[in-house]
Amino acid sequence: MKFFAVFALCVASVSAANLDAIAKPGFPAGRIINGHEADKGEAPFIVSLKAGKGHFCGGSIIAENWVLTAGHCLIFDEFEIVAGLHSRNDESDVQIRKVTGKHQQIVHEKYGGGVGPNDIGLIYVDKPFNLNALTRDGTAAVAKVNLPTGKYESTGKGKLYGWGLDNSGFSPNILNTLDVDIIGYEECKNALNSDDPLDPVNICSYTAGAIDGACNGDSGGPMVRITPDGTELVGIVSWGYQPCASTTMPSVYTWTSAFDKWIEDSIKNYAQLL
């Protein structure tokens, strides 16, 4: 029987013994299968969303006051945004911003909750991120990622980033990354079942027959493409088939290019309320 679930919380590998336990709708651990440690400073735009002491979603800095994430991640009234985090054991270069209520959060008005289209949200931070700060070794601690301009294709070779559990079930200290093949809506639709909740506002990562093309990344985390003009945020981790360890189905992302006007209008409208 097939089940859908929104990617959640972390990057993990699940043993065969655990498959039955997670084969149900919900928010199981997301994962980067066959990934590797990212270089320090490789993804200065990624943030960790934390409630209490726990990481629950990823996100991306798109401006000094704004973070872009998945709509399904915005479930808490209060949480922290941790930027500049590379190693869990070293927070010397991080910038922490507090979210104190729903007034700082914008979820797309057509997102219906759970698995489905329009899974996108914005977070406003009162204290801007310092985008000019450098780490002790001279790398950029925190930076924004570019939104797609339309100059470059959203499909092709891409990269994912995220934290979470490793193959042994322990939390890795270092940010993880994975190279992926990004495909468009039509190709993804052909690879999924006809009744799957895929929409033209989605793109996917997929390598036919490969498990590492499924269930990747932190919910809300970035899928990017490296262009001659810099790194572009082309997708936001949204949902995929469960159980992850046995599926070769595509992973599904919110396609950021489909929401460029929504992002622009939401930021402008929010500014009028300040």
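Including glycine, each Cβ sits where the backbone N, Cα and C put it.
Just so it is clear, the model here is predicted, and its values are computed rather than measured.
Here Swiss-Prot flags 1-16 as signal peptide, drawing on sequence analysis.
According to Swiss-Prot, the feature domain 'Peptidase S1' maps to 32-268, an assignment based on sequence analysis.
Residues or ranges marked as disulfide bond in Swiss-Prot: Cys57-Cys73 (among others). The local packing around Cys57 (disulfide bond), expressed as other Cβ atoms within 10 Å of its Cβ over all shown chains, amounts to 29.
Taken from Swiss-Prot, the feature active site, charge relay system covers His72 (among others). Under the three-state DSSP scheme, His72 (active site, charge relay system) falls in the helix class.
In the three-state DSSP scheme, Asp119 (active site, charge relay system) is classed as coil. Feature annotation from Swiss-Prot assigns active site, charge relay system to Asp119 (among others).
Under the DSSP three-state reduction, Cys188 (disulfide bond) is assigned to helix. Its own atom aside, the Cβ of Cys188 (disulfide bond) has 23 Cβ atoms within 10 angstroms in the protein chains shown. Here Swiss-Prot flags Cys188-Cys204 (among others) as disulfide bond, drawing on sequence analysis.
What Swiss-Prot lists as disulfide bond is Cys215-Cys244 (among others), and the listing cites sequence analysis.
Taken from Swiss-Prot, the feature active site, charge relay system covers Ser219 (among others), and the record attributes it to similarity to another entry.
Around the Cβ of Cys204 (disulfide bond), a 10 Å sphere holds 29 further Cβ atoms from the protein chains shown.
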